[in-house]
Amino acid sequence: MAIIEPQMENQNTIPIYAREETPYDTLSKVLTFSNIDQEEYWRRIAPLLGKLLQQGSNYTIHQQYQHLCFYALHVIPLLGPFPVEGRSSYNCPLGGVGAIEPSQNFQKSGTSLRYTFEPTSTGAISGRSDPFNRFMIDDALSRFRQAGVRFNPHLYEALKKEVLLTDEEAEAICQHHDVPKMEFRAQACIAVDLDGGNMSVKLYVYPMLKATLLNIPNWELCLNAIRHVDGEGQFTSATAALETYLRTQCPTTVREQTSATTQVSYIACDLVDLQRARFKVYLFDLHVSFERIITHWTMGGRLNDEVTMSGLGILRELWDELKIPEGRRKPIERPPKPGDGPTMPLFFNYEMKAGDRLPKVKAYLPLVGMPEMPIARKLAAFFQRYGFPVEGRQYVDTLAGYFPDEDLEIVTHHQAFLSFSYSAKTGPYMTIYYH
């Protein structure tokens, strides 16, 4: 730790200790960027990524430098123009700072970092040359391959064909809509999971536009895509069970989707060999209540085994402590912004792996609009009770360190969502999504 030499006014002067230099500080001295937008994505996001890496359970100092350099060299150039008030903007569905959302995973084996981003083109901002932001996803994955990141490109290509807009479909939408005024035009996002020095890639795809053109509900397009990719029928049982449930909760026609309070919003999958891949179907529910959590957690009573019900009991405890405001949310018109009240709905995902008979569920609790520190103190107490002693002791101070220049007793937008899942083997598994 460096020491700032004190001015010796008297013998009682106490040395002042400077903050220890971090990998972010060191890299900031030597990294240069091609424009102010890239510079801003480094200045605004990299400090938090650096702190999350420092807090992670399995990142050596060398791996911290590795992941920050990868972000600077291979992710920032893909993020497009940084959002500036008064300039034409593009609504990334993630709702973080610009086109990226960091998140922190908590499990008994330790904490780890993930970030999700939408590769964004200048043409998507203007709404002219790339109105649905379709082209940058190919560039992003090509860049990752050149950088040595391993993933399954064939799975991406298969899903792209099934869910993303073709040139003809994009042109058809442009002929009938004022595209720049459309709230959400996203096609795909990429998530990068950091495991020590390794990186794994997930793909998120948004079905709304293509499903509308095909005149089928979102959930039907998503399940059809999984079935098309699943040539050997390894996901047949789980997708059939999920379809049976979704038919009871989601609209069955495109016309009904405009007023639906529950519907599928996107799907995700690991870009690995199909035998190891997990498909996840995400839905939201505008009715925020624990009764709705019970319905979706158990798939309307279809999931009623001991592990499912044990997880539900722990989730109930967490829900009661957090005191998330209940009620019906308005339809989502834009990502959350600083100063918003509790506007976000509940989210759930249903995970399916090859050979699974039934999906596994994860719940996402909306925290936007609630002061940060009360949430942090409740989470710290929860961590202590459920086998996360280090996180229980440190989380409040750690969160303050993530956002050192803000009054977290008042600020309400940084801890945006808390996801929760449960298994007999690992116990609670949680992720906090930071905006």
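Residue 1 is the first one shown; counting continues down the chain.
Placed from the backbone N, Cα and C atoms, the Cβ positions cover glycine too.
According to Swiss-Prot, the protein carries these features:
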type: BINDING; residues: Glu101, Tyr206; note: substrate binding site
type: BINDING; residues: Arg114, Lys202, Tyr204, Lys280, Tyr282, Tyr364, Tyr429, Tyr433; note: dimethylallyl diphosphate binding site
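Distribution of Swiss-Prot features across the structure.
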{"residue": "Glu101", "record": "substrate binding site", "Cβ within 10 Å": "25"}
{"residue": "Arg114", "record": "dimethylallyl diphosphate binding site", "Cβ within 10 Å": "19"}
{"residue": "Lys202", "record": "dimethylallyl diphosphate binding site", "Cβ within 10 Å": "20"}
{"residue": "Tyr204", "record": "dimethylallyl diphosphate binding site", "Cβ within 10 Å": "21"}
{"residue": "Tyr206", "record": "substrate binding site", "Cβ within 10 Å": "24"}
{"residue": "Lys280", "record": "dimethylallyl diphosphate binding site", "Cβ within 10 Å": "20"}
{"residue": "Tyr282", "record": "dimethylallyl diphosphate binding site", "Cβ within 10 Å": "19"}
{"residue": "Tyr364", "record": "dimethylallyl diphosphate binding site", "Cβ within 10 Å": "20"}
{"residue": "Tyr429", "record": "dimethylallyl diphosphate binding site", "Cβ within 10 Å": "17"}
{"residue": "Tyr433", "record": "dimethylallyl diphosphate binding site", "Cβ within 10 Å": "22"}
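Those residues noted as binding dimethylallyl diphosphate (Arg114, Lys202, Tyr204, Lys280, Tyr282, Tyr364, Tyr429, Tyr433) have their most widely separated CA atoms at a distance of 21 Å. Taking CA atoms as the reference points, Lys202 (dimethylallyl diphosphate binding site) and Glu101 (substrate binding site) are 14 Å apart. Separating the Cα atoms of Tyr433 (dimethylallyl diphosphate binding site) and Tyr206 (substrate binding site) is a whole-number distance of 19 Å. The Cα atom of Tyr206 (substrate binding site) lies nearest to that of Tyr282, taking the binding-site residues Arg114, Lys280, Tyr282, Tyr364, Tyr429 as the candidates. Cα separation, Tyr204 (dimethylallyl diphosphate binding site) to Glu101 (substrate binding site), rounded: 13 Å.
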